[in-house]
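Here TrEMBL flags 113-164, 245-287 as domain 'PAS'. Residues or ranges marked as domain 'PAC' in TrEMBL: 185-237, 320-369. Summarising the annotation, TrEMBL assigns domain 'Response regulatory' to 635-748. The transmembrane segment annotation in TrEMBL covers 55-71, 83-101.
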Amino acid sequence: MQDAARPFSLQQASVFLAVLIVSILSPFVDAQVRLCVLLLAVTFNTWYGGLRQGTMAAVFSALIILANSLAMSHSIRIEPMQGIRLSVFLVSCYLLNRFAMSHRLAEALRCRNEDWNRKLLETAREGFWVFDNEWRTTYVNNRLAEMLGYAQRELLGEDFREFLVDGFRIRSAQDLTRRDHEHSDQQDLRFRRSDGSRLWATVTTSPVTNDRGAVVGLLAVVEDVTERKRAERDLDKALRALQISEARHGRLVESNIIGIITADLSGDVLEANDAFLRMVGYTREDLNLGQVRWSDMTPPEFMELDQQATNELWATGASVPYEKQFTRKDGELVPVLIGAAALERYPKTWIGFALDLTERKRSEAALQEAKEAAESASRAKDQFLAMLSHELRTPLTPVLLMATAMLEEPDIPAEIRTMLELTRRNVQLEARLIDDLLDITRISRGKLDLNRENVNAHALIQQALEICRDDIRANELQLSLELAAGEHHVDGDPARLQQVFWNLIKNAVKFTPRGGSLTIRSFHADPFPNTTAARFIVEVSDTGIGIEPHTLPKIFDAFEQGDSATRRRFGGLGLGLAISRSVVTAHGGRLSAFSAGKDQGANFTLELATVPALAPVTQAPAPSLRTGSTHRPLKILLVEDNKETLRYLSWILAQHQHKVYTADCMWGALEVAQEDTFDLVISDIELPDGSGLELMQRLGGGLEFPGIALSGFGSEDDVQMSKAAGFSEHLTKPVDFLKLEETIYNVTSAIPHNEFARAGGRSQSDS
């Protein structure tokens, strides 16, 4: 009610104000002026109050005019002039009301259109950007602000060009400036978003004019085409890749490096390059006549393989390459590698690639022949080295036997004892060189067997040192032994590790001048990677001739001895360090060398992982061999084809109270065995009419009595064959009598006494 009353009060006030003004001015102005004042009041009411209020104001004003006219004429009769004025006033009010209402309706329609257009712009998918002739932004819709990552208010007043990426900024501004603003324009521009990323957009511009038709700016409709540009770029890349692929395919087909065909489901070859036709022996005329068929070129044994590949081809679109053979037109077979892929644009058609494997197969056959030849040569070499070892060891055996046996005699003069020691050492050195040759062969073939056990490394060092003690004294070397490692047990082969320690100590002694020094020490270090056990480290250092820097990296290579002067001066084969490193590596350790250079000495470092020590085991003392032997007499069958070894070994055994039966061949030994029983057999392996292995098997395979194999062959295979034949032990020649007597004691300890043995024995030869 208050809202409705407010315009009415305003209408009353305006009319009363007009009447008041007319009343005041009546003496001074004529009737036309008074009517104009009232007409202004009516116009005001119509403009601001609408048609209803304007009509009411007109009626009210007309009544006032009429009342005023009657009052001035002092009559109720209306004069003609007064009626004309009143009529003109009412007609003017009507026309003014119509004009005012038309204007109000036009304004309302304009506002409604503007509101509708604004809503349309704000909900449009395109961005709308309006800027003036100075490029200042006057309007942007919400979509455009979202495109650029700004709020709408942040864009108002900003220069349109500042949002363009460099390169588009100047070019697009020049293009837009050149327009005469009479036509729309469209171009692709690249904008910079608030986060620094780029926006591709198609921008359509049209001029914005004022009421006088002057261009005051531009309206830009901005459509985000970033994804389209990305798709176009990807499509362009794909097209270029396809063009490159097709070009490569064309070059591949034309180059005739491999055979290429296209074929259908029926097996008809539709197209083929020259390489394929040459491969299968057909001509292009044969191809054009349809005479080249896959099934005709495939031997029966490959039909099933082809069917599997075909199934895979249609299931996955490609088949895994496989090998087969083609039957050429002339009937010959040609090996090929086949691969195939389905052609998507041509249903039920596939492309195949065929690589001629003739040369490869020929190379493989040649390689296999070469491999077999190399393996045969390697076996021949191994057999040669084994035979050489046997032939070298055999004549050394009687020498070593006599030397060690005579050294056991307490009455040997000192001068003779010195010569015997020299003989023993040189025979052992010669045997060590032979062992090194065989060891390096085993290492190269990966057949270095290890008999691992929990061993005291300090004890092995001591034993190796004792072997070299005489040479240390002879060279007057100052020896420093510092075995300080608290944990010094390792998991290893005691014989092989002692061989390593002996090699290191022997080399230090060999290459250190008289009066020099030799230091052997042990200590602990951090564990190897990924292990928890402490490292046991042994260092063997000397003040000898040292190692040249250029020689140091290859010091562990086989047959490496430095320069020729060193080889001539010190001799040897150069195998000790190579064997030592291989043995240490096989134990999971490391062996390294260091030297500051010539005449600066050398330092060798050995590293092994430790293991907890086992509880000590009390062992029975070894028999004393110096006073005839505390072992009871035995009946021994000795079989040896080397007469000197047979003579001296039987004599030495007899000197130790054993009764010895001898034979120099297998059948002779079997004849002796038929006449008596024995406590022990000692036999060579290589016999002129058979082998010791066969002999042991014929004698019961070790079930009747133990046996000791005595052979110049000492490989792991030889030892295993001896054990398999029934021998209890396998000793490699040359063997000294101390080792033989210890072995006899070990293998016969459990044999009960026999009547003959208790009576004593004497030697006899049945050979």
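All residue numbers here begin at 1 and follow the chain in the order shown.
Even glycines carry a Cβ here, placed using N, Cα and C.
All TrEMBL annotations are machine predictions without curation.
Note that this is a predicted model, so its numbers are computed, not measured.
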Local confidence of the domain 'PAS' (113-164) - pLDDT mean: 81
Structural state census, the domain 'Response regulatory' (635-748) (DSSP three-state): 52 helix, 28 strand, 34 coil
Number of helical, extended and coil residues in the domain 'PAC' (320-369), per DSSP: 12 helix, 26 strand, 12 coil
